[in-house]
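Undergrad: Annotation source TrEMBL lists active site, proton acceptor at K52, Y280. Under the heading substrate binding site, TrEMBL lists R150, M328. For 259-386, the entry in TrEMBL reads domain 'Alanine racemase C-terminal'. The N6-(pyridoxal phosphate)lysine annotation in TrEMBL covers K52.
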Amino acid sequence: MPQTDKGDPTAPAPSIQSAPALAEAVIDMNAIVHNTRFMAEQTKAEIMAVVKADGFGHGIVETARATLSAGATWLGVTSCTEALRLRDAGVRAPVLSWMSVPDQDFTRAVGADVDIAVSAAEHLDAVADAARAVGATASVHLKVDTGLARNGSAPHLWPALVDRARALERDGAVRVRGVWSHLASADIPGDPTTGEQIALFDQAVAQARAAGLDPSLLHLANSAGILDVPESHYDLVRAGVGLYGVEPVAGKRFGLRPAMTLRARAIMVREVPVGTRVAYNHTYTTPRDGFLVLVPLGYADGVPRSAGPRGEVWIRGARRPVAGRIAMDQFVADMGGTEAHIGDEVVVFGPGDDGEPTVADWARWAGTIPHEILTGIGARVARTYSARPSSRPGHKELLSV
Ligand SMILES: *Cc1c(COP(=O)(O)O)cnc(C)c1O
């Protein structure tokens, strides 16, 4: 007989595993599949799914698999550590890793067939050394800066970089598979720098070809470029935030579907009189008799403290204001006169279909961009995966997990 006697301290805690989590980020795989397909339909180029930063907070391996199933052929990450995490999970698709220091160990990445982005001679030599050490040819993508002034070779150093790369190609240490750059302002329609960057990129490609390189993959566009700047597409496009359902172009909506719903359970409900002062420093006073709900999520979980004064959550079919300061692990929502119960679902943000707040709302309330909210959702929040039926009529099921 199962030990369910409350008095037995050795009895296993009943159904802890199956109990709904305090809080979770539910990732709608159908949304990611839809967004990947939608972006693929906008271009003849191949799609690189950018799954850096744990898939923008959605889970690197799960996101990689979903996007590859939906037509992406490449994966993009910032570090060899992220790339090897994909390889260790059995993901065999081409992966490009684009941030490194020359004295790091590239041998595992080169041995695992990870393409390495190179912006300077120091990195190029280090990758070539690693290739010789493992007896392989390293596949590199030379990056030129066309106007972001971040990574990428400065244009005046580019001719020397491509010459050096060509020499290393002759040695068999590297193969230059890609030439690439990154756009600064494709999210602002009509921004003149985008055209200037495209022109500089074309010049850099011509210089690389004149040096004898024959890159098969030219790539420049991010999500905004994919959706709004067709002349930036070339052979490969790098889709990031759009995959996760954030509209990337200012003032334009493409019908991308937000993939993450952040939700929790009410862990405490109290009935309080008008004038009750709530949370640290008592910055909130209840305007009427009513119910307060305690939500087990805080800024350690990525709910931005700065959004407190404007924040809203969705409980029992309506938006409810955040009451007072968001703390590290918890915050309070004010139900007003609507009764609530311990265990009630609290949606912090979701797709917005029913009127619940979206990640874009939270970004606005916090004075930031949705990317920062999504990537900031903490490790303590469990990620769970679903293939939610679309609430849009006529939208057919894309994936079942
Ligand atoms: C993050 C990143 C992307 C993806 O950009 P989105 O605007 O999120 O689509 C593409 N390329 C590089 C180099 C990046 O760092």
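The backbone N, Cα and C atoms fix where each Cβ goes, glycine too.
Note: TrEMBL annotation is automatic and uncurated.
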Undergrad: Identify which of the recorded positions K52, R150 has its Cβ surrounded by the largest number of other Cβ atoms within 10 Å, counting every protein chain shown.
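TA: Checking each of K52, R150, the winner is K52.
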Undergrad: At the level of the C-alpha atoms, what whole-angstrom distance separates M328 (substrate binding site) and K52 (active site, proton acceptor)?
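TA: Taking the Cα atoms only, M328 (substrate binding site) lies 26 Å from K52 (active site, proton acceptor).
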Undergrad: Residues with Cβ closer than 8 Å to the Cβ of Y280 (active site, proton acceptor), same chain and 6+ apart in sequence?
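TA: In sequence order, G324, R325, A327 meet the Cβ cut-off.
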Undergrad: Where does M328 (substrate binding site) sit by DSSP, helix, strand or coil?
TA: coil
Undergrad: What whole-number Å value do you get for the CA-CA distance of R150 (substrate binding site) and K52 (active site, proton acceptor)?
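TA: One finds 17 Å between the Cα atoms of these residues.
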Undergrad: In the domain 'Alanine racemase C-terminal' (259-386), how many residues does DSSP put in helix, strand and coil?
TA: 24 helix, 47 strand, 57 coil
Undergrad: When DSSP is mapped onto helix/strand/coil, what comes out for K52 (active site, proton acceptor)?
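TA: Looking at the DSSP assignment, K52 (active site, proton acceptor) belongs to a helix.
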